[in-house]
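Take a look at the structure below.
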Ligand code: AHM
Ligand code: MG
């Protein structure tokens, strides 16, 4: 359940309605497609299929001006100028800015390398009130679908964070037969953190991060599944910290600012936590390009602050 913006609501309806179709299509799409994405990574058949379904569903939403995807070099123009006015796409041209539309940024299948091993993955969504590249402060809402044993969707806007269960109605097969049931309408990070998950190979971690990790290992329980959405969902559920750090071989880390780090930072900040690139809140990081990467440290505020101090 989100606040009162009908365009944002329609965007999350479209994502929820697409989720069962994406899930149903995965068994036959666990192989590499033979192509690479703009970040130079090998793309699975499931990535391409999810990207196509989401592009079709989201460009059809009134008030969506552009669709930008981790899997595409450039934005898909959905009609309507993306700006700072409110995203209702009403086209009335009255000059009050409410003709402006939103840019929707998508990671269609986050953690898709987990397709082979049949582990969790997800779809990440950022709704920006500015053309991309933009900072995370231009987000008006963000969310993710988690394809775990059940399909859930985390939705955040200025009113807070909620968790929904996404289900296809019995016997239903079309998009209109998908239900969204709110199971928690005020998701907040537990005060006593329990879990951590850090990506990358340990020998590739900078020494300062390794020292921090050694402390955290004594305090928290390791939970790392190889899909950011799954690992962040554990942090939202149990409290803790997730990181895909700066690496010696890759100082910008692995995750993409526009499609992964910003939406997750928006959600976790709204849930009472913090997200940093090591010295700056993720939402304040100025992008140079849509496919920029960024180190991501996200979770309970106290743990992220300690990490920033350790890297200082
Ligand atoms: P993807 O969106 O191409 O799947 O890549 C991002 C994923 C994240 O979900 C996850 O945190 C990270 O890559 C895992 O990387 P690694 O396999 O190096 O642990
Ligand atoms: Mg991803």
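A Cβ is built for glycine as well, from the same backbone N, Cα and C atoms used for every other residue.
Note: TrEMBL annotation is automatic and uncurated.
For the ranges 13-43, 44-74, 75-105, the feature annotated in TrEMBL as region 'Disordered' maps to 75-105. Going by what TrEMBL states, the Mg(2+) 2 site holds 107, 110, and the candidate of 217, 219, 260 recorded there is 260. Helix, strand and coil counts from DSSP across the domain 'Fructose-1-6-bisphosphatase class I N-terminal' (32-166) read 22 helix, 58 strand, 55 coil. In this structure, the C-alpha atom of residue 109 (Mg(2+) 1 binding site) lies 15 angstrom from that of residue 254 (substrate binding site). Binding residues for substrate (110, 111, 112, 113, 224, 254) extend across at most 15 Å, taking the greatest CA-CA distance.
Under the DSSP three-state reduction, residue 260 (Mg(2+) 2 binding site) is assigned to helix.
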